[in-house]
Amino acid sequence: MAKFKIRPATASDCSDILRLIKELAKYEYMEDQVILTEKDLLEDGFGEHPFYHCLVAEVPKEHWTPEGHSIVGFAMYYFTYDPWIGKLLYLEDFFVMSDYRGFGIGSEILKNLSQVAMKCRCSSMHFLVAEWNEPSINFYKRRGASDLSSEEGWRLFKIDKEYLLKMAAEE
């Protein structure tokens, strides 16, 4: 399959984006943790001040999925700021359906993300990869990615909504 197109997502792609988010979550054994809705995606990504940006990989009709989907991959990203090095592109989610891997779709998405990062004068792209996900780790390392967990000793933390509410209410 030589034909596919990488393009910015539109509001009409939200159902496909959610479908792929759920497929990625299933791949990562976290399917039950997706609570996001299509409405959330629409409001959060396509309003006046979008919280995220998204690229999608689209194949022509002769390569649609058996279920009739033309969108077979996506990358969700946003911009953040590091006070030491400046602007960063943060890659939140990146997924290509298993039947469509090995055709250069993932590489082309990453190329497009790199072009976006350079156009916006970002100093780097950051992302997380599950420790067990060797195929993805190798995919990124082949393209020059560094593992900051092992090289710099950073640890990822989160504060859940319950605790955010508690701290926000403190007097």
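Even glycines carry a Cβ here, placed using N, Cα and C.
Per Swiss-Prot, the substrate site holds Tyr27, Glu28, His126, Phe127, Leu128, Glu152; the candidate it also names there, chosen from Glu48, Glu58, Glu92, is Glu92. Cα spacing between Arg142 (acetyl-CoA binding site) and Phe127 (substrate binding site): 15 Å, rounded to the nearest whole number. Residues Tyr27, Glu28, Glu92, His126, Phe127, Leu128, Glu152 are the ones the record ties to substrate, and the longest Cα gap between any two of them is 28 Å. Note: the CA-CA distance between Tyr140 (active site, proton donor) and Leu128 (substrate binding site) rounds to 11 Å. Phe127 (substrate binding site) sits 9 Å from Phe94 (acetyl-CoA binding site), taking the Cα positions as reference.
Note: the Cα of Ser136 (acetyl-CoA binding site) and the Cα of Leu128 (substrate binding site) are spaced 10 Å from each other. In this structure, the C-alpha atom of Glu28 (substrate binding site) lies 8 angstrom from that of Asn133 (acetyl-CoA binding site).
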